[in-house]
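Some notes on the structure that comes next.
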Amino acid sequence: NLQESESENKLDGETASDSESKSEFGGSAPVPTSDDTPEVLNRALSNLSSRWKNWWVRGILTLAMITFFFIIIYLGPMVLMTIVMCVQIKCFHEIITIGYNVYHSYDLPWFRTLSWYFLLCVNYFFYGETVTDYFFTLVQREEPLRILSKYHRFISFALYLTGFCMFVLSLVKKHYRLQFYMFGWTHVTLLIVVTQSHLIIHNLFEGMIWFIVPISCVICNDIMAYMFGFFFGRTPLIKLSPKKTWEGFIGGFFATVLFGLLLSYVMSGYRCFTCPVEFNNDTNSFTVDCEPSELFQLQEYNIPLVLQSVVGWKTVRMYPFQIHSIALSTFASLIGPFGGFFASGFKRAFKIKDFANTIPGHGGIMDRFDCQYLMATFVNVYIASFIRGPNPSKLIQQFLTLRPDQQLHIFNTLKAHLADKGLLAGLEDA
């Protein structure tokens, strides 16, 4: 029995040092959360086994969430950004609440207040950077916004410094180690949640397709891996998530790549999805109208000789974005799940089933977005590395804000540069 209990502790990731720290950090871990399944579903599914009951509950709620996802896409970019911020706040609340429940017995001064204050500071910094970057003309037009934009980073630093001083003043004798532990807890949570949700908004501004396709690939992989694992799963994949199987992992990969190709083909034909989201200063609203780039224009590709005998075609017409979608769906299938494994390890460390019980059958909001945040970071890095180039319109906007003498200096420098390359003479002759 002693050996069995020790092996269970090792499986849960608990060591001797963890047990010793319990007395200092407030005793036992929080009681695992349970799902609040609606009474209507409980009655309707009462005759089913727990396995199939969970399957139907997850399925019904998944369809409801997908429907809600389509509705907010239809409502436009502003609503999407608002939803991203709401999700971010809820995820932050769920993680911080776990820390608060574990260490609540010491009644640490200002812990919750400072946590939410730092959330406010970080959001002020990131959203301020976004407004300055994407609403440059509007910011320059309004005097208060122009002043806030000019000193934005100094104001952000001053706000953070205020919170830092408040934390130092809140330190209590005999609890220094615990308070610094919670200070780190808050900042790691901010790094995971706020920073990556900010990247989701940046992806959205590159075009709705860069927002919808990655998120949809993660959702598809989650669903298909569950389906393949439910019906065919036999081989355990990883100890952190005992229910995950190799059959579900591999089946989810192939299904997600195929889904990504089909979804990107459909969406690439619509300007409302492919055009960057820009702010129209005349109408004070977002616009998604442009001439589609080469990424979203059908091109003919030669099929490798090995596959020509199989498919019977020599060439295929497809959008270049579909090739990029293979990279996105592959990451969503092979690397994205590690965000879920990371979250599973975190929950096992604190002996909780879910981050919260917000969504019956699914747990908390963070339980649904653990892979999405990792995906958002990859998409942002992918766009910066392989897609995005210099933006002439932003350079012109910045050029127009300079003093006349600075504009003249840049003009003469550019003129001399073009003349040296022989381009200016050709333009003058034309």
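Along the chain as shown, residues are numbered 1 onward.
Glycine is no exception: its Cβ is also placed from the backbone N, Cα and C atoms.
According to TrEMBL:
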COMPBIAS  7-23  compositional bias 'Basic and acidic residues'
REGION    1-38  region 'Disordered'
TRANSMEM  110-127  transmembrane segment
TRANSMEM  154-172  transmembrane segment
TRANSMEM  179-201  transmembrane segment
TRANSMEM  207-233  transmembrane segment
TRANSMEM  245-267  transmembrane segment
TRANSMEM  321-343  transmembrane segment
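For the transmembrane segment (207-233), the list of distant contacts is 55, 58, 62, 66, 69, 73, 77, 80, 200, 243-245, 247-253, 255-256, 259-260, 263-264, 267-268, 272-277, 288, 296, 321, 325, 328-329, 332-333, 336-337, 371-372, 375-376, 378-379, 383: same-chain residues at least six beyond its ends, Cβ to Cβ under 8 Å. The transmembrane segment (179-201) shares more Cβ pairs under 8 Å with 110-127 than with any other stretch in the list 110-127, 154-172, 245-267, 321-343. Remote same-chain residues near the transmembrane segment (321-343) are listed as 209, 213-214, 217-218, 220-221, 225, 238, 240-241, 244, 249, 252-253, 256-257, 259-261, 263-265, 268, 274, 295-296, 355, 366-367, 370-375, 378-379, 382, 386-387 (criterion: CB distance under 8 Å, separation of at least six residues from the stretch ends).
Outside the transmembrane segment (154-172) by six or more residues, the chain places 108-111, 114, 117-118, 120-122, 124-125, 128, 148, 179, 183 with a CB less than 8 A from a CB of the stretch.
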